[in-house]
Every structure is written in structure tokens, then in C-alpha cells.
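All remarks here apply to the structure that follows.
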Amino acid sequence: DRQTLVAVLQFLRRSNLRESEEILRREARLLGDDLGGSVTTVASSSPGVAAVAAVPPGKGGARAGAAGEPRLTRGVVSCCICASSFGPSHELLFNAHIFAVGGGVVEDQPDVSAVLSAYNQQGDPTLYEEYYSGLKHFIECSLDCHRAELSQLFYPLFVHMYLELVYNQHESEAKSFFERFHGDQECYYQDDLRVLSSLTKKEHMKGNETMLDFRTSKFVLRISRDSYQLLKRHLQEKQNNQIWNIVQEHLYIDIFDGMPRSKQQIDAMVGSLAGEAKREANKAKVFFGLLKEPEFDVPLDDEDEEGENEEGKPKKKKPKKDSVGSKSKKQDPNAPPQNRIPLPELKDSDKLDKVMNMKEAARRVRLGPECLPSICFYTFLNAYQGLTAVDITDDSSMIVGGFADSTVRVWSVTPRKLRSVKTAADLSLIDKESDDVLERIMDEKTASELKILYGHSGPVYGTSFSPDRNYLLSCSEDGTVRLWSLQTFTCLVGYKGHNYPVWDTQFSPYGYYFVSGGHDRVARLWATDHYQPLRIFAGHLADVTCTRFHPNSNYIATGSADRTIRLWDVLNGNCVRIFTGHKGPIHSLAFSPNGRFLATGATDGRVLLWDIGHGLMVGELKGHTDTIYALRFSRDGEILASGSMDNTVRLWDAVKAFEDLETDDFTTATGHINLPENSQDLLLGTYMTKSTPVVHLHFTRRNLLLAAGAYSSQ
């Protein structure tokens, strides 16, 4: 889009970023000095990311770094040119991304007057109530098949008509309009309406984020062609230009051919801050398959051979081991190319750990409706510091808690105590060739069950162990993510990129990369050896509350307080999926072990299940009565465990939930999803704690379920 490019080039020129401007101009083949007049705003109907220029690997990487630290202000727009090498000893991956979230290209503050000017075309303020009630009467009297679809108009029209009255300073009419119709809106919009009710004067609208979100991102409604024609005919007959203008100006109507959707089908999908996702948003191809595991032999231990009964003789175990190897030799057709993103190479210790993992897997319990896991609950007692985050290592040997008093506490949950490496002077005395050198470097005098890590200056909201158990990440209200060494129990790096609290962070399943998400509405991808982010994922309209890597590490899922879940491509920073359906902020995400499905939990107490390949909701699990903070699939994916603030852990039959899915082309095209009426037949068990909200769940390598939370005395 030439207009967008010109605006960006002007921005770069005003900021004295001549080199970046030159690179962008060359790539876009915009030569000559004429920037084509003055362009102040660039309208963009989608709330997504506009990546304006992508510079091929290696072109002008070092020079473009001059653009400095990427910033995102108030979610409207920020310009960043981000150059970073994307991995140890790999070619430079350099992408220049201009993030345009929503409307105008602006310097620091969003230009509110430009955003609000659309509210200038006003009708007679005294007739607004009549217009709205007329439309309401028409919709309520229409046929049942159209009524459910057209009812989606009530909320966005109500908000825009109210804001138009306020903007044009008809305060008493606005108040009367709000009081008369706000009770008709769906219950899941109550929080938004509470914010709206506080906007009673034109001055309040300036700088109000909710207001700007609503204006800059068109509200998306998905309506069948028949229903749309009915609405259009009605508005044109009545010459109801006021409502028709709002529909044209502020709403994006995604029209599909076919039968109108039922109330139940619509209710399942709506509820987010900006309506449903456009169908186009979920069309991109996603490589959801798993990467091929490296091949190496699994030696059999003596104890494995001897300590078995007659049925488990080594002869029977060997083919089982081979099948693990042969399964990984076939390339999954849905997997990304092995070298799509650079991943760190396996160290010897990683290979050793994989061997241990395979041995444990051979003894793994096969779970199912007839064989539920045992659950071991770790309760944090006397946690007056306020437990705010928990993580458990993959081998279940350590547990970490992040606390509101800004400390990070690491416990060993095996008899083996936590020890630090000896001092440099003592290390110089050690024989480096000895077999047990790794044991000798540890200082026995430092052995203890608990280590406390000090460094953050605010509550710690997220923690994550690296897969090799050498590092620990923590993120905090202080806006930083810290990387700690579990060899020395000291802080190695503080990553500063977010300007506001960071709500979550997580290591990639392959280590090296990690993701963070926070109050500034963006998620950032980092590498441990870079102090600036490699990618910035911008598009959410509210805080990014939770983050998760896909098992193949090529994608990242983020959940947000805007009540949507987005899936981002790590390679190019694009948003490839937008899932709507939750009625409250998202607080937990879990990918199935095979990479095909995603489970999400939110403050609405529902677990929603998504088919990533088709971009569809395929299940809804109801039962919890409070926010779901923890979700985890068992190691083979047969069972999904959910943990909630209602003090329960629930187990669900994942195999049954995902079998016989309707993912034909029609369903994908129209979103006519048919969720089972009753999710109770998928519920395998509910386990109450005495008075402990569940904040973390973890399946051990043998499928024992570990849960954790802090005892609450209320």
C-alpha cells in the first residue's frame, strides 16, 4: 500500500533515521526524493500487524539497528526496525517490521482527534433512542433464523451511538441512552460497559485506551448473506442513515453464503473485545506437526533387565524401544522443515537426558478413562509473601515459586539437595580429566533444599525452567525478565524491553529462545544471548496475560485480556490464527503433545479446545466455577488436566474430545461448529483441595500428575 509506505518513510525522515529510510525505499523500489505530499493517517481496518517491509537476510542488518529500542505506545502505532542475529552461529535473519496496530501513523501519543473525527457526522441527538429502539424492534420481530445473527449488532451499535453522543457533547441524551439500553447487552460485556459508563464527557475520551481500541479496530460480525440483505433493506427503507453510517464506518461484516448460524453457534464464538475473527485471519497454513527427533541408541541398563517380572523380559522390551526410534524416523507431513528456524544443537548432556526420558517413557503408565493418574499436590503453606507463579522442571526434580514480595524461591523435590559451583580458586585445584569432574565442581557446603533468588523489585508473575535445567527465567511487575543460573543461583541477565509489568514468560522446548508478554499488549521473542528482542508480536488490544511455545518451537500462542488467543509465526512475526469465544481474560494455554490442538482456559471458567490446522473451535469443557490458571495434557495426550481458583483439579477425556471432529470444508468456511450439548461425559474426575487454588499442573515423564498452589485461609 503506497500510502502506508509514504507515511512510514515520512516518519523515518522526521526521526532522522536516514539509513533506515534508504533501506526501506530501496526495498520498496520507491526512488526519488518526492514523498508524495503529506500523509497523516493511514486507515487500517484490521487490528493485526502490518509488516510493511521485509529485508532479506543479511541486507543492511547492522546499519538498521540504529533505529534503537522498539517501543509500542498505547497500542496505536510504533515504528521499530529490529535487527538481531537469530541464533548461535547462524546466518543473520533480519526483518524490518513496521508495526501498525489499528489506525494512524503517529509519533508518541495517538492522535485522538484523528481517531474521533469519524464521530462528527451526527444526526439529531434526540432521535438516537428512537433509531436504536426501531432497529431493536425490527430484529426482535424478524424470523428466528435471522434474529440470532442480527442480535450481534446490538452491542457495537450501542457503544458507537453512545460515544457519538458523548463526543458531540449531548451529555444528557447520552446518559438517557445508556440507562435505557445498557441492560439489554449480553452479560459478558458488563466489564466493558462499566468502563464505558465512566466516559460521560468529550474530554474523558482523549487518551482512553478502551475508547481508542473500539475506534481503531473495526468490530467484526459474521453474518449470512440472507440476514445481511434483510438488515440492509430495512435500514434503507427506513432511511435510517445514522445506523447505516455506523455499520459502514465502524463495523466489519464478514458475509458468508449458506444457512444462518444458530444462537448456540454464535454464542460459542463471540465475546471478544473486537468481535469475532475474520475468516481470512485463520486461512494461513500452519505447520503444526512435530520435528523429527535426532536418532541415537538407547542402552539398556542391567537393572532394567533384572528388575522385571516374567512378562517384561528384555526381549519384549527391545522392540518397544525400537518403535520409539522408528516412530521418529518418519517425517510428519504437517511438520515444518527441520531448518525453518535455527535451533540450538544438542549437547552431550541433552542427549543423555533424552536417553533418560526414553527409559522413563518405557515405564510410562498408559492413561485413559479406566486408568486415571495419581495426583500429588504440592501445597505452599504460610505463603504470606503471596504465591504468584509456579513451574516444575521437565524431569520433576525442582519446583520454583515466584512471590509478590519480589523473591524467586527454588526447591529440590528429590532427596538430592541444591548445590552451587565452587569458587574460582577452588575450581582451579580440580583435576579436569577425572570422570566425576561434574560432581567435584559442586560445593557441598552450599547444599540446601531451598535457594532464594533476590533481584526483582516487584511481584514475580511468571517463571520458567530451561529444558536442560541450567537456567531459570522470571518476569515481574518491574518490567524486566531475568535469567538465573541454577549452577551458581545468581542472576546472569536482566532483559529490559517491556515498559510495564510482564505477566508471563516461557522457554522454548528446545531452550535458547524464550517469549514474554505483558501489560504493553505485545509479546516479545528473545534469545538468551541477545539483550534486545528478536521479534515483537503486536496485535492484541489488551494485556498479553499468558504465552506458550508450540512443541515444534516454530509458533507461539498468546492469550490476552482482550479475550482472544493468537498464534504467531516465529519465523516472520505474522499472526496466523485468531481464536475468539472466551468471555473473559485468558489465563492458561496448553498444546497437545502431537501439536494439533490447543486448550485454553479463562476467567469464564470454560476450557475451549481448538484445532490449529483448520483454525476451528472443536470443544468446550464446562465444569469449573472460577478462573482456570493451569492446563496440561498428559505425556501421550490422552488426558487433559485443568486447575482452577475454585480449588479443584478436573480430568477430561482428551481422546474422546478430539475424535470424530467435523472439520470439513463447509464448517471451516462458515464456522458452523456443532459443539456437544453436554461436556459432562468428557469429565473423568473432579478432585477438591481443602482450600488451595490450583496455579500449576505438571505430568511427570511417567504420567504422575503434580499440582501446586498456596493454601488460602479465607
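Cβ from N, Cα, C; glycine included.
All annotation found in TrEMBL is predicted automatically rather than curated by experts.
Residues annotated as domain 'TFIID subunit TAF5 NTD2' in TrEMBL: 123-251. Residues annotated as region 'Disordered' in TrEMBL: 298-349. If you look up TrEMBL, you'll see 298-309 marked as compositional bias 'Acidic residues'. Annotated repeat 'WD' per TrEMBL: 380-421, 453-488, 495-526, 537-578, 579-612, 621-653, in sequence order.
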DSSP composition of the repeat 'WD' (579-612), residue counts helix/strand/coil, works out to 0 helix, 20 strand, 14 coil
Per the Cβ under 8 Å criterion, with at least 6 residues separating them from its ends, the repeat 'WD' (495-526) contacts 69-72, 75, 87-88, 101, 343-344, 458, 461-468, 471, 473-483, 532-538, 540-549, 551, 553, 556, 558, 560, 568, 570
Helix, strand and coil residue totals from DSSP for the repeat 'WD' (495-526) stand at 0 helix, 19 strand, 13 coil
Taking DSSP H, G, I as helix and E, B as strand, the repeat 'WD' (380-421) contains 0 helix, 22 strand, 20 coil
Model confidence over the repeat 'WD' (621-653), as mean pLDDT, sits at 94
